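Written out below as structure tokens is the structure these notes cover.
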């Protein structure tokens, strides 16, 4: 069941990570200009999580009818966990803004490759915070991804969208890279929060954590929207949207839904495995996002992107090969220990006889 749920959350994460940047880019290239509003949409769909939480509560309530008090807890999260999730939520809100700013100024393929660098930061912070163990293969993957990003940054002017100044492009590049670094910190912090929770973790509790994280991230972005007067501009922006007012709101709604899949997948994969695997899955979907961006939005795919993509794929293969090798060696060692134990037990039985 653990493997099944891990695969399910991995698929949810992959769908959210591919669809989120694409629909966000659609918002910007067709007339959307509100950075804070776009940031808000990344976590603004948090009420959707109330549906499975309510269903889980009803099921929990039915299962406790035979208990002494006959009552089920409405909220499983304790104050300690709530406080940690709220802080992570604020950091997530800041990361949402940095990412939205980067996507607004960069082609989706470039933004996607920059987002892939978060794996480098995830690996570093996972080592420092949760004592993640590394092999030569995982280190090789991190190095290859880093080199790929450097190659990508060597050619910026030819990649610039029409009508955008070099200064705006550089700002977008820095923002996207900063977002990757911050999210590389957030993932291990979430795993650390799980380890320090001091209460039994269930998937229902994980959904509560996601709800709190997204709520505070949305609250952070709401403050930015109020300062920037985004709420007053939404109706005007909808009327001037190139695809029409109705499709504007469809883009907005689906953006909130798809991004919610991303965050649900992230916390689920971390729960069933680790923050590093969550980062790996996010990075694995980058080539898919790139290809879709080139075909859907007719974006350029220059030699630098091809080289960076190749290095990224090489890094992915290196990581997965290392994991397979490590698991194989671990199984062989377990078999040897089991064989030795059984041999020793048989010898003692013969001696006793």
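Including glycine, each Cβ sits where the backbone N, Cα and C put it.
Note on TrEMBL: of 308-330, 331-353, the range annotated with the feature region 'Disordered' is 331-353. Fewer than three CB pairs closer than 8 A are found between the transmembrane segment (303-321) and the transmembrane segment (202-228), and contact between the two stretches is not assigned (pairs 6 or more residues apart).
The stretch from 79-100, 106-130, 169-190, 202-228, 248-272 with the most CB pairs below 8 A to the transmembrane segment (35-58) is 202-228. Most Cβ pairs within less than 8 Å of the transmembrane segment (106-130), among stretches 79-100, 169-190, 202-228, 248-272, belong to 169-190. The transmembrane segment (79-100) makes contact with the transmembrane segment (202-228), as judged by at least three Cβ pairs under 8 Å among residues 6 or more apart in sequence. Taking Cβ pairs closer than 8 Å, the transmembrane segment (202-228) reaches residues 5, 34-37, 39-40, 42-46, 49-50, 52-53, 56, 60, 75-77, 81-82, 85-90, 92-94, 96-97, 190, 193, 260, 263-264, 267-268, 271 in its own chain, all 6 or more past its ends.
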